[in-house]
């Protein structure tokens, strides 16, 4: 029912984004980014709350102007999830949002001005205990690095990242995490592998500009799956041209599939064939929607016939093995006397799952921030 992940995670230092621990064995944090106009406070707050509802640990907000910084102040007062301010070029914006309680600054020290300006931001972050995320992207490398390498390479992304890391090192600031994102899976993976050998700080994973919901999810799962399976990564974002809520769902699904961090129901369902005795596809789709609010980790198997049904059910918290008119029901791997009417499986199983989740939650005192 619960198989421990065989993955041994890379040892890293620990930082905190608000109250969320990052690195040094902490649960891998799942985050997203708002796509509203930050100056539209109501829309931005609503989106942040929708992200928090589906489990977002951290939310990033773009703050491109001083007007956006003023809006950020109001937004921060209305939400509880830790917020990262995404800032480029203007160091004054970083100083301003620091005064407004930002939980993390996403800046690249090398692009916010001269040494004095960089030092002022870093000193402010140190004084207020605000971590920094260095964010390198294959599509926006420094001009001299572009000229040197001609095209984005793993070595180019690493050089860019280390340039910013060296700045923070010179200023004796070690409360930071780093990302080296690229839209190409192999480029991103190779870049993170190189970086993981160079620094001890936490790594923020992502395949940038991955695409739409379907293709982007697949690309992210492949790239991040490779890295996570090697123990690389302390926090992640799935970058989709889609509703940011989907980014959180996909992020947790990737972690769940690797048994790294589980949230909610893990459905094991057959692709169906002519042997199915109940409508598996409709059942899975309906239950996924109805049970989105559950955070308790559970394995639920929905198999349409008795070929694989009993075997899957025996290693699940709950399971259905399809049979004629009434299907067999399993709980904790044991077949129950009760059988489910094939025409009413969804309602019956939802009630059973909710009751089981409540029991497990009470027994284990489930705190989603500690599920790892």
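Each residue, glycine too, has its Cβ placed from N, Cα and C.
Quantities reported herein were computed from a predicted structural model and do not represent experimental measurements.
Listed features, source Swiss-Prot:
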BINDING   270, 273, 305, 312  [4Fe-4S] cluster binding site
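Taking the features listed in Swiss-Prot, we show where each one sits on the structure.
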| residue | record | Cβ neighbours (10 Å) |
| --- | --- | --- |
| 270 | [4Fe-4S] cluster binding site | 20 |
| 273 | [4Fe-4S] cluster binding site | 10 |
| 305 | [4Fe-4S] cluster binding site | 20 |
| 312 | [4Fe-4S] cluster binding site | 20 |
Residue 312 ([4Fe-4S] cluster binding site) falls, by three-state DSSP, under helix
Three-class DSSP assignment, residue 305 ([4Fe-4S] cluster binding site), comes back as coil
Counting only residues outside 270, 273, 305, 312 in the same chain, those with C-beta within 8 angstroms of the [4Fe-4S] cluster site's C-beta centroid are 271, 272, 275, 276, 280, 303, 304, 307, 308, 309, 322
Per DSSP (three-state), residue 273 ([4Fe-4S] cluster binding site) is coil
